[in-house]
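J.: Take this structure first; my questions come after.
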Amino acid sequence: MEQAAGCPAVGGSYPQKNAEILSSQYGINLFLAGLLLTFAWAVHAVGISKSHLLSYLITLMLIQLLWMLWYLCRSCTQRRLIRDKDTHAGARWLKCGITLFAVITLILDSFKIGYYIDFSNCLSPTEGIFPVTHAVHTILQVYFLWCHAKDVIQSFKTLERFGVIHSVFTNLLLWTNGVLTESKHQLNEHKERLITLGFGNITIVLDDHAPQCNCTTTTFCSLFSQGIYYLYPFNIEYHILASTMLYVLWKNIGRKVEHHQQNKTAFKFHGITIGMISGLIVLTSTIAIVVVYLIQIGGSKIKSELALTMFYLHAICVLALMCTAGIIALLIYRLEDRSLDNSKNPARKLDAELLVGTAAGSWLLSWGSILAIICAQSHPKYTWYNLPYSVLVIIEKYIQNLFIIESIHREQEKVNDNIKTLRIVTISRGSTLSLTPLYKEVYNGRAARDNGDVPCLFKGSICGRENDGAGVAREETSRDNSLVMHSASDFSLYSRNSVTNNKRRILKNIAAFLFLCNLSLWIPPAFGCRPEYDNGLEEIVFGFEPWIIVVNLAMPFSIFYRMHSAASLFEVNCKT
């Protein structure tokens with residue numbers, strides 16, 4: 001008892017640590033159960049249907065809805081209380097991004113409702129309940145994240161840990177469900193493309209779980225069934241972003257926040273014209289390449305080979321430019337002497353871990369392609385372009401990760417007071433305070449003479465206005481001597497400031513260019529332009545089913561990496 005009383009802080013930390021461990025284990029088991037249900041439905045396990053999976057997901061969403069409503073009601077009753085906030089979490093641009101994805105997700109839900117109505121004769125009622133529940137869940141969750149993503153919860157901590165971690169893994173399961181559904185659609189198109197490239201001997205029959213009845217309105221059925229798969233990439237990004245924001249909220253529960261002023265950063269177009277124009281050129285050309293690729297691939301063997309060659313050449317050029325830009329940025333950092341911010345920051349730590357973790361998906365696919373090219377007995381001409389493409393993917397992500405992680409850990413440069421525009425406080429004849437013109441005008445000897453005023457404050461020295469002429473003369477002599485003494489250091493500071501501004505301008509242009517490039521490289525795999533599926537060489541070397549499993553596991557992480565990198569680079573541009 002004495003030991004417990006003597007160490008209240010240590011004793012009090014054990015229940016919270018246990019709550020963190022218990023809640024994390026609860027979330028993992030929740031996720032694994034849903035993952036096995038998803039897998040069982042995908043492989044047609046006996047006694048497991050899609051309605052079982054959807055019922056499980058609906059139950060999880062309803063529990064999360066109840067928790068969010070309870071949290072929002074409790075927050076309204078305690079509105080007057082001052083709460084700790086994590087200024088690094090839930091940035092405004094991140095909230096805007098998740099809102100955009102959520103709006104498109106609501107459109108996807110409306111398409112699913114329309115699809116269910118058209119095939120209601122042979123679909124389970126859960127397939128109609130699921131999109132309605134998901135739409136309500138999306139609206140409330142976005143509102144919750146807008147209002148409370150920055151919260152540092154200090155009350156009901158044990159209960160809140162379970163509620164937040166439940167929300168994290170619910171979104172991860174919804175993300176998994178979206179990835180699986182979208183992958184099945186891509187796989188069915190992949191079979192047809194391999195046949196046109198002459199790899200028909202390795203294709204197998206796959207089931208896409210299509211409904212076993214006729215549509216009531218043929219026109220709308222085609223619109224809904226095709227439109228759903230074009231909207232899935234946005235739904236996938238929405239859920240993974242929501243899970244990361246909720247995870248940061250979970251990590252912040254019970255955390256002691258250091259109260260210091262956070263510099264607000266805003267995105268500005270000024271000074272990044274070159275980076276924006278270059279990035280927009282890459283973005284425009286990428287969209288054109290994707291359109292041509294999707295039209296040509298699968299048309300005939302020649303068209304498919306040309307589409308693959310075109311994709312590889314374009315990607316090689318873009319990746320080479322990104323590598324060059326990243327190396328220049330890292331060289332600029334090596335020339336600067338600025339300390340790193342090593343303070344505890346869950347959001348920043350998660351960003352760095354996600355960059356490296358999700359990059360592993362692309363690295364896995366790239367090494368698989370490299371081994372396939374080395375080990376294959378025959379090489380169609382277009383497959384040779386896959387070698388430099390795969391090597392550049394590995395190198396580019398390595399360089400970009402270094403640049404982003406160092407950028408988000410660098411302390412923001414503080415403006416030196418000696419570099420700021422110097423203004424001199426004077427006392428006029430009427431004993432009122434005024435500000436004289438700029439420092440350079442004082443240098444030219446115009447400031448005091450034009451107004452007939454005498455400086456009272458200069459470099460921390462205070463002087464009074466003398467009534468006799470000798471005092472004025474001594475004061476002017478002292479001022480002139482002080483100006484001369486500071487002239488050399490002033491021009492040195494101005495020179496260093498000019499060099500620093502040039503470096504910042506280059507870094508901002510690089511960040512803007514890489515931001516648009518990552519958006520560009522997110523588009524092809526997200527909308528079905530996936531040469532890892534289509535070139536056929538990897539399937540010959542590794543076998544059709546093993547390689548398809550590898551691609552289906554790694555591709556979602558590769559797609560998320562590009563969107564997460566774009567978000568991180570946007571933040572880097574704002575902070576630079």
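Using N, Cα and C of the backbone, Cβ positions are placed for all residues, glycine too.
It should be emphasised that the depicted structure is a prediction, and the values quoted were computed from it without experimental measurement.
Dumping what TrEMBL says about this protein:
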- 26-47: transmembrane segment (TRANSMEM)
- 53-72: transmembrane segment (TRANSMEM)
- 93-117: transmembrane segment (TRANSMEM)
- 129-146: transmembrane segment (TRANSMEM)
- 158-176: transmembrane segment (TRANSMEM)
- 229-250: transmembrane segment (TRANSMEM)
- 271-295: transmembrane segment (TRANSMEM)
- 311-333: transmembrane segment (TRANSMEM)
- 354-374: transmembrane segment (TRANSMEM)
- 386-405: transmembrane segment (TRANSMEM)
- 506-528: transmembrane segment (TRANSMEM)
- 540-561: transmembrane segment (TRANSMEM)
J.: Any contact between the transmembrane segment (311-333) and the transmembrane segment (129-146)? By contact I mean 3+ C-beta pairs closer than 8 Å, pairs at least 6 apart along the chain.
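T.: Contact absent: fewer than 3 Cβ pairs fall under 8 Å.
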J.: Counting only pairs 6 or more apart in sequence, are there at least 3 Cβ pairs under 8 Å between the transmembrane segment (271-295) and the transmembrane segment (506-528)?
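T.: They do touch: at least three Cβ pairs between the two stretches lie under 8 Å.
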J.: Under 8 Å between C-beta atoms and at least six residues away from its ends: which parts of the chain pack against the transmembrane segment (26-47)?
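T.: Counting only partners 6 or more residues beyond its ends, the transmembrane segment (26-47) has Cβ contacts under 8 Å with 53, 56-57, 60, 162, 165-166, 168-170, 172-173, 176-177, 180, 184, 207.
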J.: Please tell me whether the transmembrane segment (129-146) and the transmembrane segment (354-374) touch - that is, whether there are at least 3 C-beta pairs under 8 Å between them, with each pair 6 or more apart in sequence.
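T.: No, the transmembrane segment (129-146) and the transmembrane segment (354-374) are not in contact.
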J.: For the transmembrane segment (229-250) and the transmembrane segment (93-117), does the number of C-beta pairs under 8 Å, pairs 6 or more apart in sequence, reach 3 or more?
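T.: In contact, yes.
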J.: Pairs 6 or more apart in sequence, C-beta under 8 angstroms, 3 or more of them: is that satisfied by the transmembrane segment (158-176) and the transmembrane segment (53-72)?
T.: yes
